[in-house]
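Scroll down for the structure; my scribbles are underneath it.
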Amino acid sequence: MLGVGVWGLVDPSLRNLVLLDLGYFNSVAIMSTVAGSLILIVSFLGCCGAVKENKCMLITFAVCQFIIFGLMLSAGIVGLVYKDRVVDELSSVMATVVDGSENFEDRSSEFQTSMKNLQTIFKCCGYSSYNNWQNPGSVTSCDCSGETDTATYCDATTPAYYRSCESLFTSYLSWGVQTAAIVVMCLSSIPLIGFFMTLCLVKGIGENDVGPV
């Protein structure tokens, strides 16, 4: 989960969501990072309990592992079930943010940087339409004059990409949410295995404490 959270914060494509001030996505990425950090702390507790053969620490570790398993599995299932809803909500917010009411150059520097990155990565212009910008030809990230294949998505007369970023962005976002959910569900097996192994270790320590009769 730590890796998934960090990925959400540093991936160039997903990072643009954070810069565009889409708080929902930012919160999810931060929560995943925090949850992953807590897992590391709990793992340290388990290591100390195993080294010292402390049953109290090991039982606490086992309980934490089972809770983590439940949370990770639930998070993965929720991510898959509500994937389309998450994508639709973020897409709706994006459409509101990029409403075409201002010139591109009049928007904040953070907004310009984010949109330039999105448009460069996906080779598109505007969110719902290149008409989101009053003069798309003046937006450098919309410029497709250097493209060799201009027949499918480049207006050579402007020259600017005429395809919008919406479908490309939502497809990538849908893939990202689905991938993250599946990864989290697969990784939930690790704390479950650790839970049973810890119980076996606690049982072994208990038998050693009794000693031979």
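Here the Cβ of each residue, glycine as well, is placed from N, Cα and C on the backbone.
Keep in mind that TrEMBL annotations are predicted by a computer and have not been checked by a curator.
In TrEMBL this protein carries:
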type	residues	note
DISULFID	Cys124-Cys154	disulfide bond
DISULFID	Cys125-Cys142	disulfide bond
TRANSMEM	24-46	transmembrane segment
TRANSMEM	58-82	transmembrane segment
TRANSMEM	180-202	transmembrane segment
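Features as recorded by TrEMBL, highlighted on the structure.
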residue: Cys124; record: disulfide bond; Cβ contacts under 8 Å, 6 or more apart: Leu118, Tyr130, Tyr153, Tyr161, Arg163, Ser164, Cys165, Leu168
residue: Cys125; record: disulfide bond; Cβ contacts under 8 Å, 6 or more apart: Gln119, Asn132, Trp133, Pro136, Val139, Ser141, Cys142, Ala160, Tyr161, Tyr162, Arg163, Ser164, Cys165
residue: Cys154; record: disulfide bond; Cβ contacts under 8 Å, 6 or more apart: Cys144, Glu147, Ala160, Tyr161, Tyr162
